[in-house]
Amino acid sequence: MNGVISAGNKKDPRNGNASVSGSQKDLRTMSGSQKDVRNGNLSASSSQRDLQNGSGSVNGSQRDLRINSGDGDDEKYRGKFTGKSTLKNPFGSSTTLSSTAPTENSGDDLDDHINVVLRVRPANGQERDRKDQLVTKFHGEGRVEVDHVSVNRSFVYNVVFEPEALQEDVFDHSGVKKLIDMSINGYACTAFAFGQTGSGKTHTMTGPPQQFEGGNHPESDMQGVIQRSFRYLVQQLGQVTGNKTIKASYLEIYNEQVIDLLNTNHRRYLNVRWSKNKGFYVENLFIVECETVDDLMAVLEEGMRNRQTGSHGLNEFSSRSHSMLTLTVDTEQVDPDDENLYLTKRGKLTFVDLAGSEKVKDSGSSAEMLIESNNINRSLLVLGNCISSLGDPKKRQGHIPYRDSKLTKLLADSLGGNGVTLMIACVTPSAYHVHETTNTLRYASRAKRIKSKPVIKMDPREKLILSLKREIKILRNENHYLREQLEFPAKPKGDLQKNNDEKFMKMVKDMQSKASPGDKDLYAMLQEYMIENEALRNENSELHRNKDQLHRDHQSLSKHNERLQVDIEKLQRMDKVRHNNGESYRSPQNSSKPPYNPPPQRLPPNNQNQGYVSPTAGRGKPPPSHGQPKRPPHRLSEPLMRPAQLPPEHLQNGYVEEGYMSPRGRPPIQNGGMRQESPMRLTDSRRSSQSSTADTIKSINEKLKQELYDIEGQINHHHLVNTRTRSIYGSQTSMRSVHR
Ligand SMILES: Nc1ncnc2c1ncn2[C@@H]1O[C@H](COP(=O)(O)OP(=O)(O)OP(=O)(O)O)[C@@H](O)[C@H]1O
């Protein structure tokens, strides 16, 4: 453990304060020679490298100091970072879904405050050149002081990362790991970085921003919270035995418009909608299914490349938008209470890199940037208002202005609702920015007051089953206890249980008749309990039967759906073949009839409106890049394209097979750009004039068209039935019951 995280022991003279100010001093004295090497250019990676190399001995000696201290303080210090942040567990006491884990309606108390950590970046070249005073002082225990002639204030956060903190330290000690664990357990978790422009938000979340330019990757020790989270998530999911999937989406909010960062082929503004079940969500957002860390990295790189960045006086690679990378983590885990039941948990992990607030005067923004800055500052103001209201116990129950910006709409769940949130406030140590720094610190302190009550969102049916099961479990325990009291044998299974229950009821009746009036009440109560128990048992097996039936129905619907899909694809292929032959499908009798529109692509039930990529789509290896920047996952290259369509079987391998007759006894239209005549047509053409051939083709076309419409009608009908049925059984798909 190094000495760069100022949550250390305040009493220890070697803690954050002493050593950090020492290193800062070193930094300042170093700056002269470093300036020469860098020729006055600020390079983020170099500044960090400088820190690591240049002041390496300082860090090293700090580490040694701490580690070699050999007294209890060191132990105390280390103990504070064993997977938790410095203060009490910021996310409540329970992180696993056991039978006692809270669900939406449970009264279990997971109330806690939002976890806020602070990162103070090292002074950059510009600040060092100006010989800016360093105004942040670190007192350990998560306390930071801003010490300047114009302001002197102290703030306390869950953890404070001092300028020398490494990317690794931030990942290990900010509480992100806990967030990831919770997302695997079904919670919606958000980590977001905020602060003034150039304060290190992007650096913290993804590593130095410029390293993504031109397809480069941040060196592994420079990788930010996001890349490290990918690795940790995949590693943790490896321990889940049931099915698990990760789906990723990546968007930015630029000038108050939502843009998909993964689907730039169809670049357009997306709508933010609201639904009762989902809350605020982005419509038609592209979703990529990821299996490996590489898949996730490719998503990040693609998004980073597409993000709006610009250069201004305070940051050469400034993010001009708020970005949100969301991973939906589905896991199927055996219910600890019933090995036949799988519970599907759908957790969410969102990483938000906010655009930085900026003083236009300082950033020297151009006209276009001015509009961006205004939008950025406005949405951050709305965020600030929401945070203030949520942090104020009196206002918390009232109106929270989430709807005032797209950013707050999309963060509504994380901030005010049932999610788990980690905020990483980023500031600079320089006196030049002391007012922005104090603003950020105030903002962060307000955020710390926000209380959240994380809950696991569950499918309503699963929730019902779970609560019934809990009830049954309690009743079973009660039953067992009462039987023990009556010295009646423990409850066996099946017929034996029924016989036993009958015997038990008889015994209760016998005893009731013999019992004293006081005891009679007890026996009556027992009898009632037995009846209730029996009813519950019936209800339970009824539920199991229903579940089985629903499962079977769903399977048969899926099969049906697949058959329909095959039909549709056949139709599409025929459509293509005819188009290739320059034929029109518009009926001469009814030219107003619309041409055949293929039904929407098959989507999984919960993603009906979203750009879903099938789990199997493009699973193959991507083509070699030949020195090009590494592409995102194969699936991203042509996100919404369907695989190349083959002609129908009878048209494969070139053109019409000899002797093939269409269902109507006519030769089919051939595939391919060039029109080739079948042997039969050749005979016809010899006999007929050019115009009669055209008539023949027209009449064939019309018949085929009619056929097409008939089939289309049938398919539409099936689709309607299917959609309706799916909406009824839709929610059932998230639950898998396995009866052995
Ligand atoms: N902890 C750090 N160590 C070394 N360099 C850092 C650190 N934090 C930030 N930097 C560097 O400072 C520069 C500005 O950081 P970054 O772009 O992450 O700021 P930002 O807050 O995201 O700014 P904006 O809001 O304008 O996008 C970058 O070159 C970055 O690499």
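Note: Cβ is positioned from N, Cα and C throughout, glycine not excepted.
Any TrEMBL annotation is an automated prediction that lacks curation.
As recorded in TrEMBL:
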- Gly195, Gln196, Thr197, Gly198, Ser199, Gly200, Lys201, Thr202: ATP binding site (BINDING)
- 16-62: compositional bias 'Polar residues' (COMPBIAS)
- 83-105: compositional bias 'Polar residues' (COMPBIAS)
- 547-581: compositional bias 'Basic and acidic residues' (COMPBIAS)
- 582-593: compositional bias 'Polar residues' (COMPBIAS)
- 113-450: domain 'Kinesin motor' (DOMAIN)
- 1-110: region 'Disordered' (REGION)
- 547-695: region 'Disordered' (REGION)
Composition by DSSP (helix, strand, coil) of residues within the compositional bias 'Basic and acidic residues' (547-581): 34 helix, 0 strand, 1 coil
Mean of the pLDDT scores, which run from 0 to 100, over the domain 'Kinesin motor' (113-450): 86
Protein Cβ atoms within 10 Å of Gly200 (ATP binding site), excluding its own: 28
List of residues, in chain order, with Cβ under 8 A from that of Lys201 (ATP binding site) and at least 6 apart: Ala193, Phe194, Gly195, Ser319, Asp353, Leu354, Gly356, Ile424, Cys426
Three-state secondary structure, which DSSP defines for Gly195 (ATP binding site): strand
Binding-site residues whose CB lies under 6 angstroms from ligand 1, from Gln196, Thr197, Gly200: Thr197, Gly200
DSSP three-state assignment (helix, strand or coil) for Thr202 (ATP binding site): helix
